[in-house]
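Per TrEMBL, the features are:
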| type | residues | note |
| --- | --- | --- |
| TRANSMEM | 33-54 | transmembrane segment |
| TRANSMEM | 232-252 | transmembrane segment |
| TRANSMEM | 259-277 | transmembrane segment |
| TRANSMEM | 315-336 | transmembrane segment |
| TRANSMEM | 357-379 | transmembrane segment |
| TRANSMEM | 452-479 | transmembrane segment |
| TRANSMEM | 500-522 | transmembrane segment |
| TRANSMEM | 600-623 | transmembrane segment |
| TRANSMEM | 635-657 | transmembrane segment |
Amino acid sequence: MPEEGQYYGKHGEPRKYDPTFKGPLQKRGCTDIVCCILFIIAILCYIGVGILAWSQGDPRKVIYPTDSRGQFCGQAGTPLEKKPLLFYFNIMKCASPMVLLEFQCPTTQMCVEKCPEKFMTLIKAYSNRKDFDYYKSFCKEGVTNSMAVTEILKSGLCPAMLTPSKPFTRRCFPALGKKGGMITVGNSSHFDDGTGKMRDAKDLVDGVKNATVVIEARQVVMKIFEDYTRSWYWILIGLVLATVLSLIFIVLLRFLAGIMVWIMVALVIIVIGYGIFHCYMEYAALKGTPGADVTLQDLGFQTDFTVYLQIRQTWLAFMIILAIVEVIIILLLIFLRKRILIAIALIKEASKAIGHVMCSLLYPLFTFLLLAIVIAYWATTAVFLSTSNEPIYKVFNDTACEHSRKTCDPANYTTTAMKAQCPDSECLFAFYGGETVYHKYLIGLQFYNVFLFFWCANFVTALGQMTLAGAFASYYWAFVKPDDMPSFPIFSSLGRSLRYHTGTLAFGSLILSIIQIIRVLLEYLDHKLKGAHNKCTRFLMCCLKCCFWCLEKCIKFLNRNAYIMVAIYGKNFCTSARDAFFLLMRNMIRVAVLDKVTDFLLFLGKLLIVGLVGVFAFFFFSGRVKAFEDTAPHLHYYWVPILTVVVGSYLIAHGFFSVYAMCVDTLFLCFLEDLERNDGSPERPYLMPESLRKVLNKKNKNAAAQ
């Protein structure tokens, strides 16, 4: 065949016939030992970083808010156990409520049982004993009825005023609202600031626009949370349905691969076609509706996403996108119809292989468990590292003071020279930091934590790929199936991978991790430099991100095929990557078309499952079907559970089909090697299945003679 001989010599010599070769080699040695040792050392150091972080960190700094004395509000076993909320003496000293989340508001902060519920000034409360007793619950200790108001305010024992507040992230925020287009607090647009001045409610936040965003964003978050509490069990049912559909689809592929592939293609076209029809009907129904002809650009960003569904341009955009996808799929099917037959034969053989190695369908659960452990360790270490700083106290003063914002010690601040020079200053908790050697290198430890997370996650993924590749390769090269296969192909392959090729897995995942960490750094730089660089630097940054994205995709493809060759021949990473690359280059046309066609067909399978579950979720949660009106929960945003079900369904389908994809890739490489090793003669018969031989017009000569 010209296709087979066109690249010989230029991209290595083809495999020679070896009568002793019967699949994955059992006699093999350890590969990439240096990288294995390096990986083990890195893991031990990672454990050391975790232990150091756990010994220095304090997650309570994240869980509990901190008052001006560095104490945790609501912490069990402390005097503040029953005071879980943080109250700010003068909220207007903070730029906006969002700044409070950074723990750097220059005003006295104290722990309270509950937030203020009404407007009140110290002057007015002082004249009424009952009101003053209530007011003292928001004051420091030591306030008595005999003290004068001026003395209390000068000593900073009480706030000058109280405003109606609501708890948010365990902090008392002004109860901001909107009434007649105006910002209000406690249903009033004005309030007394405690000095006799009437202030606008909008002064409590940094600008009306930002305040409106804060209010609406908080309302959206609360509504989304309520939607999840009302629909979580229906979401679980949708995810279970996706799991059942994936299993049914895979079982049907086992027996009806050819029919199922064409049915899948037809259903995908029908589902997308229905989506186009539905978008057109919605587009037509909004014709003449007041406000429906507003453009998305004029509308701008809205926190209530249902507003977009009332605009014709939204449905027109959906319709155009779906139509483009539909046309692309149909054109691909027309031009690749011959290659689809070969792809179907590969999928049939993959179905048979999975049928003989059924436990391979459960292997993604093992991978998911290992990834969950890696993610949990990374997240826990990151939290402890980020909370391992020490409380920093700074001098805060309303009037001019040369010591303002300098570091201070609250334990003896009243006797220091800074207090003497600035009598009305206070030493308040500002933020968490530190100047020790540990704190100086804290950013480096965080970087190491992120890098090892990528390395370990890629290692787990690579282990899964090599394990599945070894199991499916043993199936392909078995002369008599399944008699010549190992008793437990998955466990045998997993044992070989860990015993001999831990270094190879670490080497491949290290290369990928370096590229990924560079991409993270580029994203970080782009975020930091946003708005500060010109068009040239933005273009350069965009090119760099694009190049490294492409490089990551290429490395993933090369690694995947290298792991297959390692699983079969037991050679090191570089040799296996070279052999895999040359084998693919010698069969460039088949790789460029056939392998991608199978990926495309498997992607259509995932798309079909997601589409079916998504359409069902849409009609159920949106209440479009009368039969579901009484059953479906009443939601603020019905797209919340729909989007959750769609994303979850895709991840579930991807988990099952990833086994299929790895099986197809392994069989594809074995199929290419089979064409090079054998010629169909009685001495060198093809091991590929008869269905694949028929499509390729290949025959074993003894069978042809008969």
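Numbering starts at 1 and runs along the chain as displayed.
Cβ coordinates come from backbone N, Cα and C, glycine included.
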Six or more residues beyond either end and a Cβ under 8 Å away: which residues meet both conditions relative to the transmembrane segment (232-252)?
260, 264, 351, 354, 361, 605, 608-610, 612-613, 616-617, 620-621, 632-633, 641, 644-645, 648-649, 652-653, 656-657, 660
Segment-segment contact (the transmembrane segment (33-54); the transmembrane segment (315-336)) at 3 or more Cβ pairs under 8 Å:
no
So, do the transmembrane segment (259-277) and the transmembrane segment (357-379) meet, by the test of 3 or more Cβ pairs under 8 Å (sequence gap 6 or more)?
no
